[in-house]
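Student: Before I ask anything, let me first share the structure, which is written out below as structure tokens.
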Amino acid sequence: MVKNDPFANATKQVNDACDVLGIKDKGIREYLAMPNRILRVKIPVTMDNGKIRVFTGFRSQHNNDRGPYKGGIRYFNPEGGVEYMEREVMALSSWMTWKCAIVDVPLGGGKGGIYVNPKTEKLSENELERLTRGFAYKISEVIGPEKDIPAPDVYTTGKEMTQIMDTFSKLNGNKYSPGVITGKPISMGGSLARNVATGLGAAYTVREAAKAIKLNLKGAKVVLQGFGNASTFAGEYLEKMGAKVIAVSDSKGSISIPKGAKVSKIIEHKQKKGSVVGFPGSKKISTEELLTTKCDVLVPGALENQITAKIANKLQCKIIAEAANGPTLPEADPIIYKKKILVIPDILANSGGVCISYLEWVQNNMGYYWTFDEVANKMEKNITKGFKDAYALSKKHKIDMRKATMVLAVERVLEAFDQKGIWP
Ligand SMILES: NC(=O)C1=CN([C@@H]2O[C@H](COP(=O)(O)OP(=O)(O)OC[C@H]3O[C@@H](n4cnc5c(N)ncnc54)[C@H](O)[C@@H]3O)[C@@H](O)[C@H]2O)C=CC1
Ligand SMILES: O=C(O)CCC(=O)C(=O)O
């Protein structure tokens with residue numbers, strides 16, 4: 001048993017959706033909840049000092065009824081250890097299934113990672129490359145452009161995506177296979193706008209949510225938890241819509257900037273000092289203070305299990321845009337709903353990333369590339385439709401947005417499952 005088991009949370013969300021849909025059949029519920037396959041691999045790496053270190057990696061393939069498995073690869077060392085990480089990737093792969101369904105991209109759900117923290121463990125570039133290629137080798141049998149297409153996630157970047165693509169191509173008789181992975185640099189067959197996609201998509205969903213509750217984004221106050229790919233671009237695009245960032249955090253701490261600050265200035269500071277902490281004019285605060293800051297839009301954009309019941313009771317925001325996966329515990333959802341805070345659940349708020357990953361894969365498959373605007377506009381259509389569908393359903397059935405998005409997503413996956421049936 002792991003504490004705060006994310007897979008138990010993901011399963012609860014599936015069951016909640018089944019309750020709304022009147023699905024009582026235990027077999028169907030189990031089919032929807034459980035991953036199709038979980039691969040756990042041992043990755044031996046020769047470290048720079050000549051010693052061998054063995055790492056553990058995972059790939060969880062949740063559901064491929066609507067298309068090939070799709071989802072990121074993270075390099076992280078969650079507090080609960082390797083066993084927690086296995087449950088974490090299982091949950092994350094489940095959320096990928098529902099995410100692809102709610103924004104209607106024809107892909108399924110997968111997720112993977114290695115239990116390692118490249119930042120705090122200070123692996124050299126060579127060690128990291130050997131680890132990445134070793135992992136790619138170990139999962140090479142289960143991934144592929146028509147099977148399972150990984151992407152970046154926490155502490156992985158275009159560099160690791162390139163190394164995985166290159167390893168996979170070499171293992172397949174040097175067949176150029178850009179479609180095996182997304183989030184690649186542009187020079188490696190990546191898509192324009194993928195780098196900003198998760199944050200941009202989150203900003204689009206906030207714009208729709210703000211319209212729905214008649215909140216003017218001009219001058220709206222934004223709090224960002226995490227200061228990586230998802231949250232910085234969410235902050236930058238919200239800024240472009242007129243909002244102002246007044247508190248941020250990273251793994252080293254949280255700060256409040258009462259007067260607000262340009263995201264680009266905070267990025268500059270982090271690049272120089274290694275953290276957002278110490279930003280001129282800011283005050284160090286606790287994680288709880290960050291999350292419960294009085295603001296208009298709270299963007300939890302780092303890790304799961306951040307908004308507990310205790311935090312939920314103290315929240316002072318109008319919209320929560322879950323740029324991270326699984327930031328809210330199930331115990332907090334009813335409290336937040338009662339407080340009339342509009343939650344844009346993770347599977348919708350951060351789906352811009354997978355939307356543009358899908359478009360990257362499409363471009364790789366056809367060998368023809370679109371402009372930034374073409375890609376961003378396609379994503380905007382999918383994500384705003386996803387928001388509107390879910391919002392309408394939440395109002396119709398008087399359910400929270402998490403249940404509403406899950407209901408729509410589960411329905412779409414079940415439709416595909418019903419068409420195919422079980423074989424053999
Ligand atoms: N990169 C992508 O395209 C997508 C990412 N996501 C989700 O967004 C979240 C963040 O991922 P990325 O931005 O890609 O990762 P990243 O590696 O670019 O950034 C992670 C950030 O989280 C911060 N962080 C780590 N531990 C923290 C803690 N305890 N408190 C506060 N901040 C902490 C780090 O300092 C860093 O700023 C994850 O939940 C990920 O699954 C979701 C969809 C797509
Ligand atoms: O871009 C992708 O394929 C998936 C990104 C991801 O891991 C996520 O949306 O959580």
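Quick reminder: no glycine exception, Cβ is built from N, Cα and C everywhere.
On a predicted model such as this, the values are computed, not experimentally measured, just so you know.
Okay, these came from TrEMBL:
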ACT_SITE  Lys111  active site, proton donor
BINDING   Lys70, Lys99, Ser357  substrate binding site
BINDING   Thr198, Asn229  NAD(+) binding site
SITE      Asp153  site 'Important for catalysis'
Student: Measure between the Cα atoms of every pair in Lys70, Lys99, Ser357, the residues the record assigns to substrate, and report the largest value in Å, rounded to a whole number.
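Tutor: Value for the max Cα separation, rounded to a whole number: 13 Å.
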Student: Given Lys70, Asp153, Thr198, Asn229, Ser357 as the recorded positions, which ones have a Cβ positioned under 6 Å from some atom of ligand 2?
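Tutor: Those recorded positions that pass the cut-off, since their Cβ is under 6 Å from ligand 2, are Lys70, Asp153, Ser357.
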Student: Taking ligand 1 as the reference and 6 angstroms as the Cβ limit (strictly under), which recorded positions among Lys70, Lys111, Asp153, Thr198, Asn229 are close?
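Tutor: Checked recorded positions vs ligand 1; flagged Asp153, Thr198, Asn229.
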Student: Determine, from DSSP, whether the residue listed as 'active site, proton donor' sits in helix, strand or coil.
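Tutor: The residue in question, the residue listed as 'active site, proton donor', is strand (DSSP, three-state).
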Student: Let me know how many other Cβ atoms fall within 10 Å of the Cβ of Ser357 (substrate binding site).
Tutor: 30
Student: Which residues in the same chain, at least 6 apart in sequence, have a Cβ under 8 Å from the Cβ of Lys70 (substrate binding site)?
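Tutor: Sequence-distant Cβ neighbours: Met96, Cys100, Val105, Leu107, Gly108, Gly109, Gly110, Asp148, Ile149, Pro150, Ala151, Val354, Ser357, Tyr358.
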Student: Filter the recorded positions Lys99, Lys111, Asp153 down to the ones within 10 angstroms of Asn229 (NAD(+) binding site), Cα to Cα, kept in sequence order.
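Tutor: Those close enough are Asp153.
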Student: Between Lys111 (active site, proton donor) and Lys99 (substrate binding site), how far is it from one CA atom to the other, in Å?
Tutor: 12
Student: Take the mean position of the Cβ atoms of Lys70, Lys99, Ser357, the recorded substrate site. Which other residues of that chain put their Cβ within 8 Å of it?
Tutor: Gly71, Met96, Cys100, Val105, Leu107, Gly109, Ala151, Ser351, Gly353, Val354, Cys355, Tyr358
Student: Which residue, out of the binding-site residues Thr198, Asn229, shows the minimum number of other Cβ atoms inside 10 Å of its Cβ in this structure?
Tutor: Asn229
Student: Look up Lys70 (substrate binding site) in the DSSP assignment and reduce it to helix, strand or coil.
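Tutor: Going by the DSSP assignment, Lys70 (substrate binding site) falls within a strand, counted as strand.
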Student: At the Cα level, what's the spacing in Å between Lys99 (substrate binding site) and Asp153 (site 'Important for catalysis'), rounded?
Tutor: 15
Student: For the C-alpha pair, I'd like the distance in angstrom between Asp153 (site 'Important for catalysis') and Thr198 (NAD(+) binding site), rounded off.
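Tutor: Checking the Cα atoms of Asp153 (site 'Important for catalysis') and Thr198 (NAD(+) binding site) gives a distance of 11 Å.
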Student: Including all protein chains shown, what's the count of other C-beta atoms within 10 A of the C-beta of Asp153 (site 'Important for catalysis')?
Tutor: 25
